[in-house]
Ligand SMILES: Nc1nc2c(ncn2[C@@H]2O[C@H](COP(=O)(O)OP(=O)(O)OP(=O)(O)O)[C@@H](O)[C@H]2O)c(=O)[nH]1
Ligand SMILES: [Zn+2]
């Protein structure tokens, strides 16, 4: 990403058959004893298929970067970016916020792109740990910053609404790379500005 200022990021190409998904949703619901004959439920298999397809389709975006002409070398951090994904074990949503920071090298990134990168990796069946690491690794590879930090705080509905029913519990994950991992002062500053107790 040092030569090209803009890179077009496409959603992952997935073999998708919405008609088959709709049929499968109808079979699934009927197997669970749901009567699909009423007017309000008749379209539910279609809504389910389209709903999950939507959750699994990130928006394409341009990764725009700029030269760091001012040699800005302090932390850039965007915090409290809303995040929603789907846990790959139960296909139930997990919802929360992500904080993303980096220590610039030769280039800086358009701020909105940090949120778009998070959305890009969140729109698929996920594990919170993997999602955290994918965002950090991708920024590291594309931007070559001196350090990257990503923290996700999320509530997993598979843990709060069903199963153990730990209402209000939050899961916190972090990935730190480069100077944000190695240098205690930078690490501390990142967690402090992100509003996370380290
Ligand atoms: N590490 C990790 N675990 C997750 C994530 N999302 C969901 N899980 C967990 O995945 C586990 C799946 O465990 P299983 O025992 O196979 O599923 P289960 O019988 O439905 O388990 P319970 O939720 O305890 O009722 C559960 O402990 C979930 O809480 C995630 O992002 N990361
Ligand atoms: Zn789950």
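Cβ from N, Cα, C; glycine included.
Note that the coordinates shown come from a computational prediction; the quantities given were computed from them, not determined experimentally.
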For the Zn(2+) site that TrEMBL assigns to 87, 90, which of 123, 158 is also named?
158
Around residue 87 (Zn(2+) binding site), how many other CB atoms lie within 10 A of its CB?
18
Any further residue of that chain within 8 Å (Cβ to the Cβ centroid of 87, 90, 158) of the recorded Zn(2+) site:
86, 88, 89, 91, 92, 94, 156, 157, 159
